[in-house]
Amino acid sequence: MKTDWRRKEAAGLGVAVTGVVFALLVFLVGLGCGWTQEPPEVEARAAVLEEVSTGEVLVSQNPDELIAPASFTKVLTLYLVFEALERGTARLQDPVWVSEKAWRTGGSKMFIEVGKKVPLEELIKGIAVVSGNDACVAVAEHLYGSVDAFVEAMNRKARELGMARSHFENPHGLPAEGQVTTARDMATLARSYIQRFPQALRYHSMTEYTFNGITQPNRNRLLLKDSTVDGLKTGYVESAGYHLAATARRDGMRLLAVVMGAASPAVREREAHKLLNYGFRRYVSVAPPDPSTPVKVVRVWKGTVDQVSLFPQAAHPIILKKESAQGIRWESNAPDWVTAPIQENQVLGEALLKSGDAVVARINLVSRQEVPLGGFFKRLWHSVLQVRWTGWAHWGKALAGVGAGAVVLLGAIGWIRARGRRRKRGRWYLD
């Protein structure tokens, strides 16, 4: 009996130890995958995690530290390329002549040949996929005539986008004195780039690229590890370390993780992925009400029409922590009646996103039509009708309206009678 008891005790202890080990493993794996509730510490000099459609910052770590941008610079170069395509001053099939300056550019290359012409779209692939410095110089000279003119345009665009702490000296990111950026500025650039030119992601999501018989892999290895990742750009210079801007879309929400100054390519990938996983597990995107669908019809007093529909204003998705999104619902907060005149797009109420009794978001409800005042008699009649609809509290207004109308009518009658008497007296003297 004693032996059986000891065996049972040992078996129970074994089960307990197994459970503890399993729980510890789950905890450690969760840390590595961004399952924690608190924002994770990032093993890099600086980092930012943003939701792309709103620009809402979900995680930031030293976001304003000045760091050499390295090949992050190429996102701004491609921004100007896609702007030229949008304006129609360039086309994807345009042949781009390769100068000796472009051919001689050091660092990572797509291996274009001096004196040859390369379609602009191939240069875009060479920049986005294999980080070709030679391709950056070629497109800069093609679009602006010289690298210097192109760099001036880069800095103008950076200021326009609000990248207040960034400055660029070349189109590729090779080390240059005074060339700096921040994780916040690069997130601003990348977010604007993705929003304005979503078609660019079809190039950034390519896992490899072949040109002139040479196949090179995309340096963003997260593309091979996570099918939801579809961009964006890596970077490295010795003075700054390893950078990665990674973007992914899951369940209708797109996140952007910017990691700068990591110790190795593996670390930048791990930390960027950790940020993305944390964001997707911690937050949810709630669609706003459809701005083309009215949410309420309200009565209009004293107007040319008797009712008006209220529409939600166009709005970005609402980003909520998942625990706040439990049992959420939209409610309208608007009066049952309004009084003319009403301006087009006048705010007449709110759509409230509620979690329990708490309001977590508000969107204005507006009239899509202008409603002028109705005629005198309609206004007078509506003053009386309002009593029935809105109660005794409005008797004063109704009586004031009736009284004002009566005064006007009596005045008009008196004026007509007086005018008649004057005409009679005039005829008597003329006789």
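Including glycine, each Cβ sits where the backbone N, Cα and C put it.
Copied over from TrEMBL:
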ACT_SITE  S71  active site, acyl-ester intermediate
ACT_SITE  K74  active site, proton acceptor
ACT_SITE  S131  active site
BINDING   K233  substrate binding site
DOMAIN    283-373  domain 'Peptidase S11 D-Ala-D-Ala carboxypeptidase A C-terminal'
TRANSMEM  12-31  transmembrane segment
TRANSMEM  392-416  transmembrane segment
Helix, strand and coil totals (DSSP H, G, I; E, B; other) for the domain 'Peptidase S11 D-Ala-D-Ala carboxypeptidase A C-terminal' (283-373): 4 helix, 52 strand, 35 coil
For K233 (substrate binding site), the number of other Cβ atoms found within 10 Å of its own Cβ: 28
Nonlocal residues around the residue listed as 'active site', in sequence order (Cβ under 8 Å, 6 or more apart): S71, K74, S108, R219, K233, T234
Stretch-averaged pLDDT - the domain 'Peptidase S11 D-Ala-D-Ala carboxypeptidase A C-terminal' (283-373): 90
For K74 (active site, proton acceptor): DSSP state (helix, strand, coil): helix
Secondary structure of K233 (substrate binding site) (DSSP, helix/strand/coil): strand
